[in-house]
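Asker: The feature transmembrane segment is assigned by TrEMBL to B:6-23, B:30-47, B:59-79, B:117-138, B:150-168, B:174-190. As annotated by TrEMBL, domain 'Glycine transporter' applies to B:6-79, B:92-166.
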Amino acid sequence: MNFLSVITYSGIFIFALTGAFKARTYRMDIFGATVLAFVTAYGGGTLRDLLIGIRPVNWVNDNIALVLVLSSTTITFLFKLDYRKFRRTILITDALGLGLFTVAGIEKSLLSGINEFYAVAMGVITATFGGLLADILCNSVPNLLKRGELYATACAIGGIVYVALKHTSLTNNINLLICIALIALIRFVSKWKRVTLPEI
Amino acid sequence: MNFLSVITYSGIFIFALTGAFKARTYRMDIFGATVLAFVTAYGGGTLRDLLIGIRPVNWVNDNIALVLVLSSTTITFLFKLDYRKFRRTILITDALGLGLFTVAGIEKSLLSGINEFYAVAMGVITATFGGLLADILCNSVPNLLKRGELYATACAIGGIVYVALKHTSLTNNINLLICIALIALIRFVSKWKRVTLPEI
Amino acid sequence: MNFLSVITYSGIFIFALTGAFKARTYRMDIFGATVLAFVTAYGGGTLRDLLIGIRPVNWVNDNIALVLVLSSTTITFLFKLDYRKFRRTILITDALGLGLFTVAGIEKSLLSGINEFYAVAMGVITATFGGLLADILCNSVPNLLKRGELYATACAIGGIVYVALKHTSLTNNINLLICIALIALIRFVSKWKRVTLPEI
């Protein structure tokens, strides 16, 4: 396993934990929490793969993914983790996950012959639509669509810069780091300075 | 670009506007409005393509579609369009869009080897499920399923007539016009005479 | 038509009826009820086929399925069936349907090269996600995810036992019967003794 997949699996674990936490907020049982953890971690990539036409979708037969999702639910259940104690950690790891998922979504899309505009859109979908699907399962208006801090916008800007830098002589690794740093920066500034998109 | 695609893109633009208007009703930000515009315009065709197995789904790499959806959101945002001022226009253009989308869905399905019963169903899905998915994103019971004026029913009747007329010697263009006129007629009569389906 | 498809179609009819009943609870019209019946009966298998990449999805061009779903809605409408009078019957037929759908989902997944862990997951999805999708359409938190009697858990246990028994010298038919009996048993015990999963 290479460096990139280690970090990607970390992102998956973080996203799965977020899903399990959400299930606690909605007082679901451990089966519901497992579904929510899975959907949060894999929903975005699944939608991307369905739209592009990759089959089977990425996580099928990936036993590491299965173990990570089940662990996230088990840990949340056994230790009755309190989301509020980890807010700062989650903000940072979530921003890292967003960056990695955005780039992973863009690269996979470009490889499938998707053009650059739609590849950025697929990157944003990969990073953010898992949480949106989980919100739908919880019967709440997806946070992603409501007015609030920059989230999908951060991914979109990071993704556009990533695709633009691919036309320069920068290596993909440096490009990846710039994209992740940019997304994290926008997230943190948006959080601290309460920057939001205007209402339609 | 031929006559049919001009009208289809008009339909897409109208459906995208409807989505952007809905986002305003739910006080979403401009990102949420863009998602809703896209889902309203393309959700039905996307579901049809997924079910039939066409990949990638129809709108991927279609830059005109992207521009139309982004324009619909931009216009709604800049001019703070008031939905109520355009009610009559929207009723007419929406009816036209319904007819075109129904026929487009039927033709694409028949080409993929779908039988005539399911082709009509796919036509109805193409025309109406974008709005249904947008309603789900807004966390409301889809209008399509609630008791109200004839909407999917109009598409179904128009679609059945269209498929039946394909067995006659009429050309596809005349057939298309009859189908659109019939769907529009049912929509207008349902609206003005308050015709509804019975409750289950 | 063989014995297995007779029973499978019975399961589909029962699931479609459940969907039509749900539409009555939410006061939908007959079109909404038809959509809900279809989604309840076919939603789980559709999601499985999409994830695995089988296309078109299983029910397309299946006219028997179409007739069964339309019949379930028509019967519910004409006789204004009262769900509460059939509770015991539905509990039994639903348990039978769960078992058949779980096994059908597992077998189809294994045939497509899905590993045994994911095949069980696909079996559970086949059996239970139709109802979940119908709940989303009704804008309610899916029953499946809320704390309550064992439902998906019954399918998961039955599915694990089924896959384990495939490694023995038992024939598939006996294996199928054991799986269905086990799922039904867990469902009945959970119902009567109010056994639930712990909250996350």
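Every residue gets a Cβ built from N, Cα and C, even glycine.
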Asker: What is the average pLDDT across the domain 'Glycine transporter' (B:6-79)?
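Answerer: Averaged over the domain 'Glycine transporter' (B:6-79), the predicted model reaches a pLDDT of 91.
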Asker: May I have the DSSP-based helix, strand and coil counts for the residues of the domain 'Glycine transporter' (B:92-166)?
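Answerer: Residue counts in helix, strand and coil order: 59 helix, 2 strand, 14 coil.
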Asker: DSSP says what for the domain 'Glycine transporter' (B:6-79): how many helix, strand, coil residues?
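Answerer: When I sort the residues of the domain 'Glycine transporter' (B:6-79) into the three classes, I find 60 helix, 2 strand, 12 coil.
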